[in-house]
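Presented below is the structure to which this report refers.
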Amino acid sequence: MLSRLFRMHGLFVASHPWEVIVGTVTLTICMMSMNMFTGNNKICGWNYECPKFEEDVLSSDIIILTITRCIAILYIYFQFQNLRQLGSKYILGIAGLFTIFSSFVFSTVVIHFLDKELTGLNEALPFFLLLIDLSRASALAKFALSSNSQDEVRENIARGMAILGPTFTLDALVECLVIGVGTMSGVRQLEIMCCFGCMSVLANYFVFMTFFPACVSLVLELSRESREGRPIWQLSHFARVLEEEENKPNPVTQRVKMIMSLGLVLVHAHSRWIADPSPQNSTAEQAKVSLGLDEDVSKRIEPSVSLWQFYLSKMISMDIEQVITLSLAFLLAVKYIFFEQAETESTLSLKNPITSPVVTSKKAQDNCCRREPLLVRRNQKLSSVEEDPGANQERKVEVIKPLVVEAETTSRATFVLGASVASPPSALGTQEPGIELPIEPRPNEECLQILENAEKGAKFLSDAEIIQLVNAKHIPAYKLETLMETHERGVSIRRQLLSTKLAEPSSLQYLPYRDYNYSLVMGACCENVIGYMPIPVGVAGPLCLDGKEYQVPMATTEGCLVASTNRGCRAISLGGGASSRVLADGMTRGPVVRLPRACDSAEVKTWLETPEGFAVIKEAFDSTSRFARLQKLHVTMAGRNLYIRFQSRTGDAMGMNMISKGTEKALLKLQEFFPDMQILAVSGNYCTDKKPAAINWIEGRGKTVVCEAVIPAKVVREVLKTTTEAMVDVNINKNLVGSAMAGSIGGYNAHAANIVTAIYIACGQDAAQNVGSSNCITLMEASGPTNEDLYISCTMPSIEIGTVGGGTNLLPQQACLQMLGVQGACKDNPGENARQLARIVCGTVMAGELSLMAALAAGHLVRSHMVHNRSKINLQDLQGTCTKKAA
């Protein structure tokens, strides 16, 4: 219950940082204003002469007080150093400075508001600083800085408050009760300092629970700049910080604190309310006199300066001990800000929070040279799941993004370089806390019993025992994900199995697999998974198409492709944009059936081409889906074989599975009318899918799209760096005549497949369908009053594309679809998102055609690729497998 309340409080504070900060500052100013203008009008030293108590001030007391102040400042300095180890010393340092300053101001205002004097603040200041515990800020900041986005910052702050809030509250209560005992001592100085201490603890608690989380959330929100796909403030060594913070406080310690609190409450109650009140009254009278509240002792004087000048003079008047203290504070602040950057710049600086991948690779290789061989370490890993944590940390490979190990399973897919194959399972966080596994693998019979036990399962088995069961054929290797408690552990074990069978056991070292949502992959996208392949994603645009602008994501490893397409998009935009139309929409499936004789096949063909036969088949076909609607049948014969090409709309799905289901149902219905018909295959390559085919070029498949644009002569000259005449000439002789001479089918273009494939990979399409989807004819001609403008059109008859199903279910691919505004199914007009995506593909292809044809016409192609598309890595430094074998 308490954790839930603190979580709600943390979420509110992190979600409304401006409101909380402004509210805190406003409350502080209001309390100060009420004291200054509407509070007690008796101000000691300005308009009222307070009693002076003669006290002997020894030089030793001044020295002790100065030493105490210096110790307090050093304590704060070391607290900031520990806080800096979280990552950015600037972000957290500023937040910590805000916390200390606001705590001090709030304590001062509380003291003013309660009408207490400030004469004891000089002595109480060191104790105030010593009571500040920045480990609280450190713990909460760990939660915030382990986030991938601003929304996750809020969630993690709320989660941190739920875990740390009850502990903070209990600690503050115990501190107040313990320090409050000093207020009953009867010693004036001790009572004043203890009173300050209690107020400081309460002020710190208030600020840490409100001002600090709001400040951290606001600072991270304002630091929106990203680097390598992650927030600039996100640091790599926060990979397992949430797992560390999940450890609950020691329950024994918590019980002791609660018992202590109860005892102290009884002590306070007995001393203040139950004991004989007469001593209390005398003490109160003494306190009243000591604080200058007895009007018989005090007397009013005429102020010589204004009130603000009085306060200013008190602030700037300093003794020698105060000068020493401030000098030490200034020197430590300068050292902290300016002279401690070098030691943390490589890993903790905001400018470069993560080491370069190339440097990391070299460091990993160097470290490997100093350790035992990889195979030996792997064997050690298979025989033990509990190894030295230091050794585990030594074998880590630098990640691209921080890995957040969360207690709750989320559907977030983030890209993290996987640990090397030598990383033990304990480093993966796969074993639950409290489960102790044996060092040596147990017998197969015992392991099978544990695996089949509903209360235990695979989490009570080590990786070595799982591998042992796989090798003994008790567990199929392809079922590892379904049998393990997490999909990721199944992938990890499969990698371990595979690495022992490879010629180079460390081959999988840089193939990432960690922190990926495999639940979206299993049974939908891939089998026998050993990881995922990060591919760079660039953006071309804005593409001005049909009056709208699109930023087009392109996943590719070919240099110059995105840059070239981007130039084409710019030329189209400067020319007023492009226009597009979807001419046809229908996915196809072409099964093959066989009849006893060719004449029987001809009879079936004739029946299918009649309205009655088509209506029967359409009814059976349409009954299989609420989206699939049979449009037409294209039937042809080859001897006694009959090829039937079904064409149907499939909504926003690419539709191969949908139309296959309808085709199968229609064939069964057809078999009822012609019992001698034999169904050979639901796909007879008459579709045609993933193969060059004239039928797709002629009849179309998927979406048939045409796109056009007019590029002004000025844009052709200044952006494309060529002339309209040259581009038209090259297009005719290259794209038309050249492709015809090569016998191309649908390849009357410069490089449509480049753009299609890049968009397909980014948007979760079937990359193999670029074969048919890249069918395109690019036409160019001179236009305009002077025939100097360039008219260009691209016609693509077979774009096989969809926005639901398959790879579009993966979150990174969904992100790219969301960039284009076509993610998921269109509720208002089913199929519109897929058609719009096909238009974008065609428009982007036209942009790519423009730029490449201009480069060819101007003779810039080879030059640009020699400059921008050549790797700068020195291959002589990289020894391949063949080199090692030869050596």
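Numbers here mean position along the shown chain, with the first residue as 1.
Quick reminder: no glycine exception, Cβ is built from N, Cα and C everywhere.
The predicted model assigns the topological domain 'Cytoplasmic' (1-9) a mean pLDDT of 81. Among the features that Swiss-Prot reports, topological domain 'Cytoplasmic' is placed at 1-9 (among others), with the record citing similarity to another entry.
Sequence annotations record features per position, and here Swiss-Prot assigns topological domain 'Lumenal' to 40-56 (among others).
Per Swiss-Prot, domain 'SSD' is recorded for 61-218, and the stated evidence type is sequence analysis.
Under the heading topological domain 'Cytoplasmic', Swiss-Prot lists 79-89 (among others), citing similarity to another entry as support.
The topological domain 'Lumenal' feature in Swiss-Prot is assigned to 115-123 (among others); the stated evidence is similarity to another entry.
Taken through DSSP, the topological domain 'Cytoplasmic' (150-159) splits into 10 helix, 0 strand, 0 coil. The topological domain 'Cytoplasmic' annotation in Swiss-Prot covers 150-159 (among others).
Among the features that Swiss-Prot reports, topological domain 'Lumenal' is placed at 188-191 (among others), with the record citing similarity to another entry.
Feature annotation from Swiss-Prot assigns topological domain 'Cytoplasmic' to 221-248 (among others); the stated evidence is similarity to another entry.
For 276-314 (among others), the entry in Swiss-Prot reads topological domain 'Lumenal', with the evidence type similarity to another entry.
What Swiss-Prot lists as topological domain 'Cytoplasmic' is 340-887 (among others).
GLU558 (active site, charge relay system) carries neither a helix nor a strand DSSP state and counts as coil. Positions annotated as active site, charge relay system by Swiss-Prot, on the basis of similarity to another entry: GLU558 (among others).
What Swiss-Prot lists as active site, charge relay system is LYS690 (among others). For the recorded site, LYS690 (active site, charge relay system), the DSSP three-state label reads coil.
ASP766 (active site, charge relay system): 17 other CB atoms within 10 A of its CB, across all protein chains. The feature active site, charge relay system is assigned by Swiss-Prot to ASP766 (among others).
Annotation source Swiss-Prot lists phosphoserine at SER871.
All chains included, 16 other C-beta atoms sit within 10 angstroms of the C-beta of LYS690 (active site, charge relay system).
Within the same chain, residues 158-159, 161-163, 165-166, 209 sit at least 6 positions outside the topological domain 'Cytoplasmic' (1-9) and bring their C-beta atoms closer than 8 Å to a C-beta of that stretch. The separation of ASP766 (active site, charge relay system) from GLU558 (active site, charge relay system), Cα to Cα, is 19 Å. Between LYS690 (active site, charge relay system) and ASP766 (active site, charge relay system), the C-alpha separation comes to 10 Å.
Residues of the same chain lying 6 or more positions beyond the ends of the topological domain 'Cytoplasmic' (150-159) and with a Cβ under 8 Å from any Cβ of it are 7-8, 10-11, 13-15, 140, 143-144, 213, 216-217, 220-221, 224, 242.
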